[in-house]
Ligand SMILES: [K+]
Ligand SMILES: [K+]
């Protein structure tokens, strides 16, 4: 194990250290009296939890954002979301650059064990690229939302702009914080609010390598990298598959979709499907959903969004890759091929490792939280997957899991945010050269 | 997919057909009036459910075995368990022979896509071998149990012998049916009952290829096949690890271990740990266990026992193999090696396929059962994993899931019993030859 820790070195360690620093600074700012509204009880655990939740763009909240925190506190949260979202997209992209040599991702893993050094120009271009996309997307969403708050809800221009900006950042970074105690439930009927948020969350969740690939011709998938094709395809499958599944399980639930006309049920289902991976806002009451909808959500939250994106989870490519392996195996094909490309064996093992260690983290987290709280498996599992997948949806128990429970969730959010990406890079960067091979022999399986 | 179905052909299809025939015959016998005690309501669903549960050596029961069924009915169940247990051990061993060429399992998968034809002599020797081990183990357990029922509980000799035989067969075949409504709870204090049952279940769960290997020197693991070493090692880890975990979560639970003296708590923990993989008897009240013990049990039940054994689950070798892949990946080793042997890439993909399709089956089963019943995730998941892993433990909801629920569990028991073994064989037997290769390219993962 020492060997493993030693090898998760320079690039991955820098990422972890950077996030830790921001969490510490954010917690300190949020524990200042000026951050907390008069009459509200300040506590270091809620400051730590909220700062971690914002930096990890998770969005789980122990306090109602609007009533607990002052405008200063809200601005700190806004800044932390922006830094966290921008940070993970940039740092994960740099890790990918280090790993693959170029962002097109061709030839990834060909140079076994050789780490390319990145030129400062390359990193600067990448940071500028992420900044450009982030600002453009957030500006557009801010404009649409602010216009709607101003025209449709009669908010004063300054307030409308602030609300638009806050939720534009919160959605593009996939953070999911909201300035209303019921998240987006009051806007469940309003496509001018719901749809921009869905688009912003989905775009933020595609990831920087996809934007780069799309520039080669947004409507010519043949020109994209394999990574972009798999990410976009799988995102569409999960988004619309999830919408359909949620529609079926919630259709006539009086606590959620029941009171809505059919068109709005479809919009609410799309909203929930998009937000499980890993936007984290809700336009209906999650605590009133059918247990099966929770189960569907657990799966979607665990899979998450795209690599080097603001979203979390094991990533859609990891999930898709395991599916391709199974398909090849069922077909009896010796190679795993996707779109006329052969997936390296090493990459298959990486995907397996990331997925199974993530399962282990979720099981361990569930175990710990069940020890610490009186809640049942359904709610605890949902909360743990939501924290690990940096989603931020909750069946309503976040505030009631106690101090130890909050610390457990804090750790889960941090591990879930940085684990898959840094583990993936660490695994890819450190493949030892083969000195000799043992003879082949395998046990029976199945 | 048609391609897949076509290739799950001769050997695997024969196995499935054989089990179906026995289920149909067993259901017919159990639906005869002579099988059901006077005053009990006979029904075709309970006959079908019980016959499937017995043939698949699962042990889930919708009816209390002793009070619902007549002696004739009990004997039918006894025969079905024996046929099911003997059948799966023999047929899975034959599949393994077909796959590997020899039972030592060396050179498995070397001969890609070439199916060896088995000589009738080889099959006859194998059947004789399985019969010898089964009868020897069951005779020994019968003797010990019968002596105890006669000497310790004053049962008349004939009755003691019948009880001894029934539970010897039920334990060695990992079926888990019992002649008392509380399973083995009345014997929780009695090592002369509990320990023989544990040994019988564990030995039955090792599987025939392990017995063959052990004959080369029971105390010289160096002479065993890799399969035997991995199976025995992993069985020990899960057995004692499970005991420790259950001890920790149940230590002072007043509904289970609380009233017992410390020594008996350890025995009860060992009993539960052994029975989750996949014996299925219980010596304490499973419905009173802590939810975390259910979670631990879910994991143990899912992993199950050895390949070509009477136990179920994805099999300990499948589980261990995935662990070795992760370990190799974390260490950055290009090959996955176990005990100076290199695991074939193809075998890694098979293990992954079996494990993930099993996860999918459990998730789908859970989803369906939650649709059909009012029970919560914790109990439903336990029931589904128990059925799929052919374990037979229950939190007490088996009788209350309704006719549709019973049919769903029936399907799960059947799929769980035959799925992993036949899938493993089908995958191993049908590897297409490679005609050309695409260039390598992989998406980012994690
Ligand atoms: K989130
Ligand atoms: K069983």
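Every residue, even glycine, has its Cβ placed from backbone N, Cα and C.
Annotation comment: TrEMBL describes A:12-36, A:42-63, A:75-99, A:192-214, A:226-248, A:299-330, A:351-372, A:407-429 as transmembrane segment.
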**Complete:** Note: vs the transmembrane segment (A:351-372), the recorded stretch with the largest number of Cβ pairs under 8 Å from A:12-36, A:42-63, A:407-429 is A:407-429
**Message:** Can you work out which residues elsewhere in the same chain, 6+ from the ends of the transmembrane segment (A:226-248), have a Cβ less than 8 Å from its Cβ atoms?
**Reply:** 105, 202, 205-207, 209-210, 213-214, 257, 265-266, 269-270, 272-274, 276-277, 293, 296-297, 300, 303, 305-307, 316-317, 319-321, 338-339, 341
**Item:** Same-chain residues at least 6 beyond the ends of the transmembrane segment (A:12-36) whose Cβ lies under 8 Å from its Cβ atoms
**Value:** 42-44, 46-48, 50-52, 54-56, 68-70, 72-73, 76-77, 80, 83-84, 87, 91-92, 95, 414, 417-418, 421-423, 425-426
**Prompt:** Would the transmembrane segment (A:42-63) count as touching the transmembrane segment (A:407-429), i.e. at least 3 C-beta pairs under 8 angstroms with sequence separation of 6+?
**Reply:** yes
**Request:** Residue list, the transmembrane segment (A:75-99) vs rest of chain: Cβ under 8 Å, 6 or more residues beyond ends.
**Result:** 11-12, 14-15, 18-19, 22, 26, 29-30, 35, 50-51, 54-57, 65, 69, 105, 108-109, 115-116, 118, 122-123, 126-127, 130-131, 134, 165-166, 169-170, 172-175, 177, 204, 207-209, 307-310, 417-418, 421-422, 424-425, 428-429
